[in-house]
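Engineer: So TrEMBL lists the following for this protein:
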{"type": "TRANSMEM", "residues": "23-42", "note": "transmembrane segment"}
{"type": "TRANSMEM", "residues": "48-65", "note": "transmembrane segment"}
{"type": "TRANSMEM", "residues": "97-120", "note": "transmembrane segment"}
{"type": "TRANSMEM", "residues": "132-155", "note": "transmembrane segment"}
{"type": "TRANSMEM", "residues": "176-204", "note": "transmembrane segment"}
{"type": "TRANSMEM", "residues": "216-237", "note": "transmembrane segment"}
{"type": "TRANSMEM", "residues": "249-266", "note": "transmembrane segment"}
{"type": "TRANSMEM", "residues": "272-297", "note": "transmembrane segment"}
{"type": "TRANSMEM", "residues": "309-331", "note": "transmembrane segment"}
{"type": "TRANSMEM", "residues": "337-355", "note": "transmembrane segment"}
{"type": "REGION", "residues": "368-392", "note": "region 'Disordered'"}
Amino acid sequence: GLAIAAPILGFLSFHLDGNFPKLITVAATGVGVFFCLPAGFFKVTAIFIPYIAGIIAASTVANAAHTQHFGLMIRAFTGASLKRTQFYIRQGVSTRLSLHATSAGFFGGALISAFTYHMVHELNDNEHDIMSLWVVSIFSGLIWLVGILHLATATSRTTDSISFSSRLHPFSIFKYPHAIGGLASVFLASFTTMAIFMGGVIFIVGQLCIRPVHLLLFWLTYFLFPLVSLSLLQPLLHVVKMSSVKMQIVGFFFSLLSSGFGFYYGHSHWKWGHLVLFGAIQSTATGILHAFGRVLLLDCAPSGKEGAFSIWYAWMRAAGLLVGFTVGSVGPGHIRTSFGVAFCTAIAGIVVLLFGNISDAGGAVAAGNVSDDSERSSPVVSGLDSKEAARV
């Protein structure tokens, strides 16, 4: 799926930064929803190969389109450029929007996990196996389809698509070192969180042998706790004034705690309280890393190149999830392997952010989103800039 998505993303980057982002979002979501439908028609396992590949490719493209739209939303609130002393306004807007979006994603995960448990719990025979999984697949597609409703209130950009003569447009991100560092942190964050999640779930199911209803409760804890923890972050950030880079370090630190806990107690029998604590800490880490990784990359994206940056964000995040899933699932019964690797990648993420000379403010200055010249800064910082709002 990632191999299929790569050339598609490169081609679509020209139009994401032009006047077709809505069409791309709808088309990618439509393709993904279509692939959610045929699983029950073909009662053979071979269908899952193109089925999964199509969904991964479509979701990666849709993620890039949504990320590009998120960048335009931020710019519509803050204007074309801010003074450096006004950068906190952009931070506040982007952080609030990203945390809300991440919380909504966790809520969707809780819905899917609860519905999947309900359908699988009702299985009686092999025929019902296929039918129940098909219903889950269709339900997932319908929820996915709801994600494009916001486009009904969005207007198209007034600019034309980027000329194909600008062949290096998809590679614009490589001119911005802060953005490259942000991409590295996105990959490491996705790798770490998925390795911990998969390793933990396999350990819980395979070695602890907990009851299915307790597995559901663990999933609900994992997906619902961030709705509280991420909401509490917003007023806290107004007090401590932490940047997106520092918040990602906090997220990696939480991943160090959960992976270190799992590695050290890998041969112990976990009680229910241990599972709740593990799920709460790691889900908060996942939410922080996802929300602020996206904010950092978009802070480094110049006006008119949000799409070119978003395709790399979406692909690197999906690649990290793929590698993390592989590490977490290849060694059933060896939880210390997946947690040990995740512990090392979390340390690597902290090292990259601390010593990689990465800064959200520095990236915003390099991208032209922040200026030290008051004459070039946006006169509208508390509401919608009329010219930029027309682009969203």
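Placement of Cβ uses the backbone N, Cα and C atoms for every residue, glycine included.
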Engineer: Verify whether three or more Cβ pairs under 8 angstroms connect the transmembrane segment (249-266) with the transmembrane segment (309-331), leaving out any pair fewer than 6 apart in sequence.
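Structural biologist: Since fewer than 3 Cβ pairs under 8 Å link them, the transmembrane segment (309-331) and the transmembrane segment (249-266) do not come into contact.
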Engineer: May I ask which of the stretches 97-120, 249-266, 337-355 has the most CB pairs under 8 A with the transmembrane segment (216-237)?
Structural biologist: 97-120
Engineer: Tally Cβ pairs under 8 Å between the transmembrane segment (176-204) and each listed stretch (97-120, 249-266, 272-297), then give the stretch with the top tally.
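Structural biologist: The stretch with the most contacts is 272-297.
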Engineer: In the same chain, which residue numbers or ranges, 6 or more beyond the ends of the transmembrane segment (97-120), come under 8 angstroms Cβ to Cβ?
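Structural biologist: Non-local partners: 70, 73-74, 132-133, 135-136, 139-140, 143, 212-213, 215-216, 219-220, 222-224, 226-227, 230-231, 233-234, 283, 287, 290-292, 294-295.
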